[in-house]
Structure formats: structure tokens, C-alpha cells
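Database features (Swiss-Prot):
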type    : residues                               : note
BINDING : G79, P80, E81, S82, S83, G84, K85, T86 : ATP binding site
Amino acid sequence: MAKKLKKNEEITKKFGDERRKALDDALKNIEKDFGKGAVMRLGERAEQKVQVMSSGSLALDIALGAGGYPKGRIIEIYGPESSGKTTVALHAVAQAQKEGGIAAFIDAEHALDPAYAAALGVNIDELLLSQPDSGEQGLEIAGKLIDSGAVDLVVVDSVAALVPRAEIDGDIGDSHVGLQARMMSQAMRKLSASINKTKTIAIFINQLREKVGVMFGNPETTPGGRALKFYASVRLDVRGTTQIKGTGDQKDSSIGKETKIKVVKNKVAPPFKVAEVEIMYGEGISRTGELVKIASDLDIIQKAGAWFSYNGEKIGQGSENAKRYLAEHPELFDEIDRKVRVKFGLLEESEEESAMAVASEETDDLALDLDNGIEIED
């Protein structure tokens with residue numbers, strides 16, 4: 001009996017060795033035909049963290065969980081009109097450029113304001129801009145830029161404005177049922193693999209529509225079919241809430257609005273977190289404002305009455321003075337920003353030094369914008 005068992009073990013071992021050899025040969029052939037990394041063992045990548053790029057907003061980085069937008073993924077930003085969708089996307093463009101990357105903006109709405117983009121920190125001289133004549137043309141341009149592997153971020157503004165060529169060539173009143181949805185579905189199938197391979201971040205801005213005849217539940221939906229919802233790794237719902245009134249001579253006028261950004265879908269971290277930011281007209285997201293609020297909640301910045309202090313030193317009476325002080329002292333802004341990121345696990349102690357240069361450059365630009373006093377109409 002023991003002799004028979006030993007013989008079975010030898011047969012099994014031999015069969016196992018042959019299987020491993022056959023698998024190795026198959027992997028070599030696949031790698032030869034399709035390139036290195038076409039097939040790999042999951043354990044080889046298990047310890048790799050998801051690569052991210054900061055959104056340009058500390059509060060949004062925290063809500064995203066991973067510390068920013070994941071590279072090689074599709075992001076959808078949607079919301080009502082004038083809620084701040086394009087502003088959020090332009091901050092991502094500015095951040096990509098500050099990190100030394102190349103960004104492209106597909107302006108299907110033909111409504112990009114270069115002066116406002118520059119006020120948000122976008123280098124408009126280096127920004128690649130396309131204003132396509134049709135939806136197919138815009139998506140084809142985005143695809144070629146992504147396939148090049150040389151672009152770090154592509155923004156499409158907006159999906160609702162990607163009009164199929166057949167609809168443009170037809171007459172007003174003609175029925176074109178499902179054309180845009182089919183176009184987007186085909187584009188997602190074609191672009192998703194290339195986006196992941198080149199580690200490009202693709203941001204699609206979308207509008208809201210209402211379903212007709214919905215009695216129960218949320219009647220809101222986004223145009224372009226269901227494909228984008230499925231392929232997107234992150235979906236952000238941007239909603240403006242209350243107006244921000246000015247002080248002094250501007251006490252009766254609105255200088256910005258409080259905005260909530262809800263992460264309604266997230267494949268790289270827990271979803272449903274909310275970032276509350278202040279979008280100031282002509283300035284974009286107030287980075288000093290969100291830092292003062294978050295650091296105060298964590299007691300990194302101490303608040304006693306109306307006074308804000310850091311490490312025992314007063315930095316301003318009232319939030320506006322505290323924000324101004326941080327804008328004028330970029331090294332202090334960087335230090336507090338790093339402490340907040342470490343507290344939320346977005347930055348490890350060993351990564352602090354590498355983050356210092358980028359954060360310092362961002363704050364220098366912020367201080368320069370405040371000194372110039374640029375004001376842009378919304």
C-alpha cells in the first residue's frame with residue numbers, strides 16, 4: 001500500500017513540474033507577443049501603493065482617501081450649473097503642471113476663460129487646448145494624447161457637450177436616440193486600457209439632467225449613458241451651498257461660495273466622504289482657508305476666542321487674518337500642511353522632505369496671486 005502511495009506521489013510531482021514548465025513557457029510567449037507585464041502574479045504588485053496626484057485641494061485629497069486622484073484611472077466630476085466643476089478640474093491642471101507634468105484640456109463647451117485659469121495657477125502657455133467640432137473628434141484627440149504616453153492629465157469639459165457628428169450634420173428636431181450613449185460607450189472601451197497603461201488621469205466633467213416621470217427616488221442623472229459611470233474609478237458630486245459675504249466695503253457683496261464635494265464612487269478608498277471648500281471668485285479654492293479650518297479641527301492650529309495661534313505664536317485674529325498670515329509665510333503653510341497630511345495618513349514621515357519643494361512652490365504662487373489682487377467675474 002505504501003509503495004503504491006509513493007508511486008502516485010511521484011506521478012503527481014512529475015505532473016506538477018510539467019505544469020509549471022508549461023505555464024512558464026506560456027508566460028514567456030505572452031510576454032514576447034504582448035510585452036512585459038501583460039500577465040503577472042498579483043503578489044508581485046500587492047505591496048505597491050496606488051499612485052496619486054494631488055487634486056490641488058487639501059480637503060478633497062483627504063476625502064479621496066488616497067491623497068489625490070489615482071493615476072491611470074477615469075474620474076467623473078458632475079453637478080448643477082455654476083457649482084464649481086470646472087474650477088475643481090482646473091486646480092488639478094495647475095497641480096499637474098506644478099509637479100512637472102503636461103496637461104491637456106478638451107473644451108467641448110468652447111467656454112474656457114484663460115484669465116480665470118491663469119488666476120487659479122494654470123500655466124496657460126503650456127496648457128494643451130482643443131476645441132473640437134464634434135464629440136467623435138474630441139474623444140479621438142483625447143485618445144491620441146493618451147496613447148502618446150507623454151500627457152499626465154486630460155480634462156474633457158464636458159460630456160454633455162460632446163455632440164455626435166450625425167446630430168451636428170442633421171436638422172434641429174431630428175431624433176437621434178442613444179447616439180451619444182453609444183459614442184461614449186465605445187470611447188470608454190477604447191480609452192480605458194490605454195489610460196491605465198500610460199498612467200494618465202482622465203477627468204470627464206459632466207452636467208445634470210432630470211428623468212421625466214420619476215415619482216420616487218432621485219430624478220437626477222448625467223447624460224452620456226451608463227458607460228462613464230461604470231468605467232470611472234472616482235465620481236465627484238460638486239454642489240455650491242451658501243454665498244460667502246465680504247468684509248468692510250464688500251460686506252454686502254458676495255465674494256465666493258461654500259461648496260461641498262461628495263465622493264459618490266471610489267474604487268481606491270472608502271467612498272461617500274465629503275470635502276467642504278470655499279471657492280472664492282477670481283481665486284478658486286481657498287487653500288489657506290481649508291488649511292486653517294482642518295488644522296484647527298485637529299488642534300494643530302489652536303483657537304482661543306477669535307485668535308488663532310500655532311506653536312504658541314499668534315498668527316491672526318479672525319480666520320481672514322490667519323489666512324492672510326499663512327499666505328505671507330509659505331514655509332509655515334508648508335509645515336502645517338505636512339502635519340495635516342501625516343495625521344490623515346496621506347503622507348509618511350519619510351515623504352515629508354520630497355513634498356516640501358512642491359508645497360513651497362504652490363504657496364509662493366498663492367502669495368503672488370494675493371499680492372496681485374486679481375479679480376475675475378464668475
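Each Cβ is built from the backbone N, Cα and C atoms, and glycine gets one as well.
Counting other Cβ atoms within 10 Å of each Cβ, the binding-site residues G79, P80, G84 show the lowest value at P80.
There are 24 other Cβ atoms within 10 Å of the Cβ belonging to T86 (ATP binding site). Apart from the site residues G79, P80, E81, S82, S83, G84, K85, T86, the chain places the Cβ of V238, G240 no farther than 8 Å from the centroid of the site's Cβ atoms, the recorded ATP location.
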